[in-house]
Each structure stands twice: as structure tokens, then as C-alpha cells.
Amino acid sequence: MLLARMNPQVQPELGGADPLPEQPLRPCKTADLLVVKERNGVQCLLASQDSDAQPRETWGKKIDFLLSVVGFAVDLANVWRFPYLCYKNGGGAFLIPYTLFLIIAGMPLFYMELALGQYNREGAATVWKICPFFKGVGYAVILIALYVGFYYNVIIAWSLYYLFASFTLNLPWTNCGHSWNSPNCTDPKLLNASVLGDHTKYSKYKFTPAAEFYERGVLHLHESSGIHDIGLPQWQLLLCLMVVIVVLYFSLWKGVKTSGKVVWITATLPYFVLFVLLVHGVTLPGASNGINAYLHIDFYRLKEATVWIDAATQIFFSLGAGFGVLIAFASYNKFDNNCYRDALLTSTINCVTSFISGFAIFSILGYMAHEHKVNIEDVATEGAGLVFILYPEAISTLSGSTFWAVLFFLMLLALGLDSSMGGMEAVITGLADDFQVLKRHRKLFTCVVTISTFLLALFCITKGGIYVLTLLDTFAAGTSILFAVLMEAIGVSWFYGVDRFSNDIQQMMGFKPGLYWRLCWKFVSPAFLLFVVVVSIINFKPLTYDDYTYPPWANWVGWGIALSSMILVPAYVIYKFLSIRGSLWERVAYGITPENEHHLVAQRDVRQFQLRHWLAI
């Protein structure tokens, strides 16, 4: 099969030029031919001998790509956030706004990123050869992905620590009497509604063995008075973090050929464990009460704006658009791969997984409520408190608790690893495609990236590391990633053009996206993203962790981290504008015209300066 592909680096012609014969609006790519050969299921793309570019690596099998995308999208948030959001926002009624936002915004953005990466075969930065002024968006998402790696790997290290601690007949969070326990440690069997009173939820009680193991045994939080007093890294977590970094390096060092094989384990294991936990969970006493609470339908909650806001933010962060990962993964696909089908399949799998995980979670929460004779609302929670305190405590009361604990933390470990692999691949691919010297030394560059995340993660494994981690989690990938994806949607749909983007998709798959997708890309998705950005800013509150309130300077540091990535977008526009020689018109024209159409600028034929470009759908 022969594919005609072109991306000539045409130098701006500042002088006058004789008019050339009229050319079609979207010239075909006619430069180097890429010969596609199938060898034992591995596709090789061989450039013509005139090209100096190295052949781009491709996925060994289609399933490697699908598992990588699913593994990245399905992460810890599917387990520790969605079920609780569904419960507190009207149960089954929450699925209405959630599904609506999935259809009108989540899937279109997912589809857009896969198609963008697959057609251009570039990472998050160099993919913006379609509109050079927007390359700063690529650098922004790469930096955000790097920030996330600083703290996300620490959560994986916690999971590994818990996994190691589970290999004992008596789980260390089962009872009091350990060196880390406080004098206030209380046997969970003694806790019920009458003991806790009306103002203390069981999920907020800090003196259970499980809560003290997490905060005092693992984090050593009691030895820190705040973010100004974080102390030194803890050697146990340091060793776990080192193991995580080594695993990530050897999963990524040879590119998608190695990571595509690792995800066969990390992406499938969570489904096996989730199924086993679900089957066992529904047999426990009180499980039906938990599931009923999870699925209860309260349509009146849909009148509240917070329900719609929670649905919008959850669908965005759950699918993982905007981190450069989907672009990087898709760039290693075959040119004619059906990324439309992939987008529908993988985004649906992600959302269905979130929903199904709720049954496994709330069956256990129902069991806990039954055991302690409290209401479901007293044990329902989200985040780290759910997966590192409540769920482990529930597991410790089951027959064969060691087996269930090992299984559960293996699932968390797998969920974290393939998501972290995706984020690091976005950084590595994004920068390696932009700087060829990094691509030629991928193994060394991968080592540098993983070690850099390790070094900065050291701040998060100190005795006050949870304060640093919470700050990074709030600011590094909050408003900044929403802003970056908004700019991405505008760059593709408006400056590059939905019609031109649709023609690219037709070249790959033989059919153009329907009117629905084009309308979503041009109007609905940008409006959705703008809504979420505005809401995230309006709803911002000074940072807290439980009862601890961060000092004002910490919030300023957080906003500085957020702005450090966002500022790259306008900064690159200014840099590019100043680096282009020519008149004001020429500078703007070259900045918003795809690189393979720069020759049209010399002919004064710039689509973006014509009204029909902005009206096209």
C-alpha cells in the first residue's frame, strides 16, 4: 500500500512572485512516499531514500494501542471519584448529565485528539505544524504532563507500599498496638452510631487503625505541622518510589514496542480484580443497601448547578483529553487506522468501567455501614480516604483478608502504572519529535525524564509530603489543563478549520466526519471547555487538607505553577511572531497557516484571511 504524505519545510518568500496556476484549496500531500509493509503483524513505514527522516515506530498490534488508551484513561479516579460523585449527585440521575457531556464534548474531544495525532504522526508540540502560532499549546500540555508525573508516581508508590504490607496473616491496619498508633486509637468494632454521635461521620474518624496506618504509619503526617515543615523523605516510600520509576523506565525505554506489551497486564488486570471484588462484594451482608444507595434516583438534584458542574469536570478529567497522551499514542498508528471507531470504543469502555466500579465500591461500603450500624452516608467518601483507609479496613474483616488485600492493591498498582506510562510517553514523544537529538537517544532521554520525576517526587514522600502533593494535584493539572485544551480546540476547529480537519480524516479513513461531529468540534466542545474553565475559576477556594488551611503564600505558589504552563501559549505566539521576517501581514499569515501551505502565503492566498474559512463547517 502506498500513502502519499507531504510536509515540506517551505521557507517564507518575502519578495514578490509571479502568480502560479490556481491550486486546490487543500493540496494533496505529494512529497515522500511511505511504503507500508506488514511483517509478522508489525507495520513498518519506510520513507523514500531522499528523506533523512527516520521511519516512525508503529504499534506491534492494534490491540496494543487500544489497551494503552484504555489503560491511560481508566485510572484511580474511576475507582475513587466517580462512584462517590454518582452517589452524592442523585444516583442514577447523575448519569443523565454525565452521559450528555460524554456525547457532546467528551467523545468529540477524544476523537479529535486521536485523529490529530494519527494524521500528522507527531507528538503534542510538533503536531502544531498545522498552525505554528499554537505550538505553545503543545509545550503547555507537555509541561503539565510532567508536573502530574511528579506526584502521580507517589500515589503508585503508596499502593506498592500497601501491597508489600499485605503479605502477612495479620494486616497492619487491622488493630491498634503498633508503633505508629496514637493513644486515641480505637478498635473499629467499638465504633457505631451511638459512639460517634450525630456530628462525626465514620469516614472522617481519624483514630481507627486503618486511618492511623495511612496517616501515621505511611505518611507520618503527625510529624509535620504544615507545608512549611515537610521534613525529609521517608526511606520506605523512597524505596517504593524507586521501584515504580524503574518499572516505568523499562516499560518505556524502547517506545511503544515495550509499553504496548506491558499494558497487556496493567490494562487487563484491573478488570479481572474488579470482577472478583464485585462478585464477592455483593454476597456480603448489607451490600444491597450500599448498591441501592449508589443507584437511587433523585431527579430533583438535576435542578442544582453543582450536579452539572461535577458531571462536566468528571467527564473531562476521566477521559484524559489534553495531556498530549492521546495524540502521542495515535501518532504511532497506521495512517488508515479507523480512529473514529477507536474513539467511540475506548471512551465508552472508560465510562462503563467507572459505572461498574461503583458496584464494587458501594457493596463494600454497604457492608461497612451494616457492620458499624451506621448510615451509608457516614461511610461514603472519595479519594485517598476511600482506597487507602475505608476499603482496606473493610477487606481486613473478610475471611482470607490477605488475599483480598493483595488483589486490591495489585489493581491500584496496575491502574496507576499504565496511566503514568501514558503521561510520560506524552512528554517523551512530544519533545523527541521536536528535537531529533532526543529521538536518536531515546533510551537516555527516557532515563532523564524518569529520573527527573523521581527527584521532584521526593518532596511528596516527606513527612509533610501530602501537603505538597495536594497542592500539585490542585494547581498543576486543574485550570491550566482546561485552558490548554480550550486553546487546542480553538486552534484545530477555528484556525486550522473543521472542514480542513475533516478532509484530513477522509484521507485516512475514506469518509468525512458527519455534521454532528463538525458542529461539536466548532461550537459545542469549545463552549463546554470555556464553561468548565470559568466554573473552575469561580469555584476556587483557598486550599485546604482536612482541617489544615494552607498559608496564603502556598496558594500563590500553586497559581504560579498553574500559570507556568499557561503562559507558554501566549509566550510562544510572541516568540514566533518576532522570529518570522516580513511585514505584519506576512508574520500573521505564516503563523496561522499550516507549514505545508506556506507557499500559498507568498501568493497572498491565505485561507484564514477569508470569511469563508471561518464560516466553513
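Cβ atoms here come from the backbone N, Cα and C positions, even for glycine.
As annotated by Swiss-Prot, region 'Disordered' applies to 1-21.
Among the features that Swiss-Prot reports, topological domain 'Cytoplasmic' is placed at 1-62 (among others), with the record citing similarity to another entry.
Annotation comment: Swiss-Prot describes 63-88 (among others) as transmembrane segment, evidence class similarity to another entry.
Listed in sequence order, SER68, GLY71, PHE72, VAL262, VAL263, THR266, ALA267 are the same-chain residues six or more apart from ASP418 (Na(+) 1 binding site) with CB atoms under 8 A from its CB. Look at ASP418 (Na(+) 1 binding site): DSSP puts it in a helix. What Swiss-Prot lists as Na(+) 1 binding site is GLY71, VAL74, ASP418, SER419.
There are 26 other CB atoms within 10 A of the CB of ASP75 ((R)-noradrenaline 1 binding site), with all protein chains counted. The (R)-noradrenaline 1 binding site annotation in Swiss-Prot covers ASP75, ALA145, GLY149, PHE317 and is backed by similarity to another entry.
Summarising the annotation, Swiss-Prot assigns transmembrane segment to 93-116 (among others) and lists similarity to another entry as the type of evidence.
Panel annotation: around the topological domain 'Cytoplasmic' (117-135), residues 7, 56, 141-142, 324, 326-331, 333, 335, 337, 339, 426, 429-434, 487-488, 491-492, 495-496, 504-505, 507-508, 569, 572-573, 576-577, 590-596 of the same chain, lying at least six beyond its termini, place a Cβ under 8 Å from a Cβ of the stretch. For 117-135 (among others), the entry in Swiss-Prot reads topological domain 'Cytoplasmic'.
Among the features that Swiss-Prot reports, transmembrane segment is placed at 136-166 (among others), with the record citing similarity to another entry.
Look at Swiss-Prot and you will find ASN184 (among others) tagged as N-linked glycosylation site, backed by sequence analysis. The Cβ neighbour count for ASN184 (N-linked glycosylation site), using a 10 Å radius and every protein chain shown, is 9. DSSP classifies ASN184 (N-linked glycosylation site) as coil under the three-state reduction.
Per Swiss-Prot, the feature N-linked glycosylation site maps to ASN192 (among others); the stated evidence is sequence analysis.
The annotation transmembrane segment is assigned in Swiss-Prot to 234-254 (among others) on the grounds of similarity to another entry.
Same-chain residues lying 6+ beyond the ends of the transmembrane segment (258-282) with a Cβ under 8 Å from its Cβ atoms: 59-61, 64-65, 67-68, 70-71, 74, 250-252, 288, 291, 353, 356-357, 359-360, 363-364, 367, 398, 404, 407-408, 410-411, 414-415, 417-418, 421, 425. Summarising the annotation, Swiss-Prot assigns transmembrane segment to 258-282 (among others) and lists similarity to another entry as the type of evidence.
Summarising the annotation, Swiss-Prot assigns transmembrane segment to 307-332 (among others).
As annotated by Swiss-Prot, topological domain 'Cytoplasmic' applies to 333-338 (among others).
Among the features that Swiss-Prot reports, transmembrane segment is placed at 339-362 (among others), with the record citing similarity to another entry.
Under the heading transmembrane segment, Swiss-Prot lists 403-428 (among others).
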- Task: Using a Cβ-Cβ cut-off of under 8 Å, list the residues of the same chain that are 6+ residues beyond the ends of the transmembrane segment (523-545) and lie near it.
- Result: 101, 104-105, 108-109, 112, 309, 312-313, 316, 466-467, 470-471, 474, 478-479, 482-483, 485-486, 489-490, 493-494, 552, 554-555, 558
- Task: Residue list, the transmembrane segment (549-569) vs rest of chain: Cβ under 8 Å, 6 or more residues beyond ends.
- Result: 134, 136-137, 139-141, 143-144, 147, 226-228, 467, 471-472, 474-476, 478-480, 483-484, 487, 542-543
- ALA145 ((R)-noradrenaline 1 binding site) versus recorded positions VAL74, ASN184, SER419 - nearest by Cα: SER419
- Message: Counting across all protein chains present, how many other Cβ atoms fall within 10 Å of the Cβ of PHE317 ((R)-noradrenaline 1 binding site)?
- Response: 19
- Message: Does the transmembrane segment (339-362) come close to the transmembrane segment (136-166), meaning at least 3 CB pairs under 8 Å for residues 6 or more apart?
- Response: no
- For SER419 (Na(+) 1 binding site), nearby residues of its own chain (Cβ under 8 Å, 6 or more apart in sequence): GLY71, PHE72, VAL74, ASP75, LEU76, TYR152, GLY320
- Neighbourhood of the Na(+) 1 site (GLY71, VAL74, ASP418, SER419): other residues with Cβ within 8 Å of the Cβ centroid, in order? SER68, VAL70, PHE72, ALA73, ASP75, VAL263, THR266, ALA267, PRO270, ALA414, LEU415, LEU417, MET421, GLY422
